[in-house]
Amino acid sequence: MTALFPFDNSYARLPSHFFGRVAPTAVEAPRLIRLNRALAVDLGLDPDRLESPEGVEVLAGQRVPEGAEPLAAAYAGHQFGQFVPQLGDGRAILLGEVVGRDGRRDIQLKGSGPTPFSRRGDGRAALGPVLREYLVSEAMHALGIPTTRALAAVTTGEQVIRETALPGAVLTRVASSHIRVGSFQFFAARGDVEGLRALADHAIARHDPEAARADNPYRALLDGVIRRQAALVARWLTVGFIHGVMNTDNMSIAGETIDYGPCAFLDTYDPATAFSSIDRHGRYAYGNQPRIALWNLTRLAEALLPLLSEDETQAVAEAEAALTGFAGQFEAAYHGGLNCKLGLATTRDGDPALAGDLLKTMAENEADFTLTFRRLGEAVPGPDGEPDPAAVEAVRSLFIDPTAYDRWAGGWRRRLKDEAGDAAARRQMMRAANPAFIPRNHRVEEMITAAVERQDFAPFETLLTVLARPYDDQPDFAQYAEPPEGGGRGYRTFCGT
């Protein structure tokens with residue numbers, strides 16, 4: 001019989017100080033909550049075998065599968081601006097890598113027991129955070145945003161002790177890699193240039209193979225990471241996503257959203273929104289995410305200085321030149337995304353101001369971010385040049401002062417006259433850019449409460465079904481598109497895992 005996972009491991013071939021070898025710790029009574037069968041097929045795996053007793057034992061960390069070389073990766077990181085020279089995988093174990101339809105992917109267990117980097121922790125994960133990451137990462141994938149994926153969630157039959165006793169769980173996470181900005185910082189902080197070079201060469205081979213042919217491969221690697229992060233954060237903003245804990249150890253060089261601990265989505269639009277209970281000063285607020293991304297990338301550039309050039313002055317110049325490109329790349333991606341949300345297929349000089357005026361009006365009038373843009377798509381002028389009155393009223397109703405929307409909408413309709421194409425095509429373009437369904441924070445909390453307190457996973461399954469088609473109208477699930485009463489004010493998230 002073939003192996004459950006056809007592992008082809010590369011990170012485990014790196015020097016031994018890149019990680020600690022550690023096996024998952026067995027649990028009492030593993031039970032499969034859900035297997036992502038479609039993802040399993042994409043990875044070249046047999047979903048029926050993964051759902052078998054043997055497969056569930058592997059997904060729970062009960063059994064180490066053939067070909068696995070389990071390890072916990074070492075990394076450092078800035079956490080809320082403060083540097084910690086050693087962090088590492090404290091509750092996650094990389095089983096190995098497989099090569100599927102979309103290339104090489106890591107298979108990692110989160111919550112599978114203590115590692116050399118657990119820092120007195122138990123290495124376990126609670127059920128609520130596991131379900132949150134499964135749900136939100138799969139929702140982000142459906143939204144078209146680069147992200148780690150969830151292959152499976154398993155309950156352990158054990159409790160984990162946090163503020164209270166909670167049911168334990170294990171998440172099987174899939175990622176293009178788990179190399180972080182903090183991975184490079186780990187070696188830079190130790191003056192380990194050879195370790196830094198080995199990691200960079202591995203990253204180039206895995207994520208930027210064309211960089212190997214560049215005049216300065218390490219500058220090309222840095223450019224690639226900057227480009228991917230600029231595009232990623234722009235996409236976050238266009239769907240109202242707030243990561244919540246953008247520490248350098250939570251930034252993937254692959255350009256995927258990773259580590260969903262205290263994540264959330266905007267309800268009422270306010271760029272100062274920060275939901276995380278530990279982000280007391282709003283460092284990682286919604287509107288601050290581009291600035292923090294650049295701050296993190298600057299830390300990456302600093303770590304790479306010894307590789308950019310043997311001449312320190314030249315190395316700094318290379319780093320600064322690379323970092324200078326972030327703003328333009330982010331702005332192009334962000335405003336391009338906003339133009340799509342407004343039904344604008346072409347670009348004009350005044351477009352950023354038009355979008356900015358709408359966002360300002362939304363903030364002043366406490367309008368819901370997702371609903372405003374979705375309903376705007378139904379309020380585009382028709383073939384006769386006039387919008388549907390009912391559709392216009394549906395948008396206006398979201399604003400405290402509907403006339404404020406009217407004042408903005410006049411300029412928007414004038415701008416639409418510059419566009420070619422008919423109203424139906426424009427409406428379709430906007431529907432593809434403006435989701436009807438996001439993981440509404442209150443719905444996520446209801447789902448977690450049902451699972452943790454009543455062992456009821458039906459809300460989890462329903463949300464997964466709805467969020468798999470975020471851009472489609474789903475009349476039977478219309479309630480899942482609605483914001484909470486009060487616009488979600490006072491909502492708080494917790495790292496949890």
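Backbone N, Cα and C atoms are what each Cβ position is placed from, and that goes for glycine too.
What Swiss-Prot says about this one:
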BINDING   G88, G90, R91, K110, D122, G123, R173, R180, D259  ATP binding site
ACT_SITE  D249  active site, proton acceptor
BINDING   N250, D259  Mg(2+) binding site
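Positions of the features from Swiss-Prot, shown on the structure.
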{"residue": "G88", "record": "ATP binding site", "Cβ contacts under 8 Å, 6 or more apart": "G20, A72, A73, A74, Y75, T115, P116, F117"}
{"residue": "D122", "record": "ATP binding site", "Cβ contacts under 8 Å, 6 or more apart": "R91, G113, P114, V160, I161"}
{"residue": "R173", "record": "ATP binding site", "Cβ contacts under 8 Å, 6 or more apart": "A92, D106, I107, Q108, L109, K110, E133, S137, T148, R149, A150, L151"}
{"residue": "D249", "record": "active site, proton acceptor", "Cβ contacts under 8 Å, 6 or more apart": "Y75, A76, G77, H78, Q79, L87, R180, V181, G182"}
{"residue": "N250", "record": "Mg(2+) binding site", "Cβ contacts under 8 Å, 6 or more apart": "G77, R180, H243, I258, D259"}
Reduced DSSP assignment, R91 (ATP binding site): coil
Using DSSP and collapsing to three states, where does R173 (ATP binding site) fall: helix, strand or coil? strand
Most Cβ neighbours within 10 Å, among the binding-site residues R91, D259, goes to D259
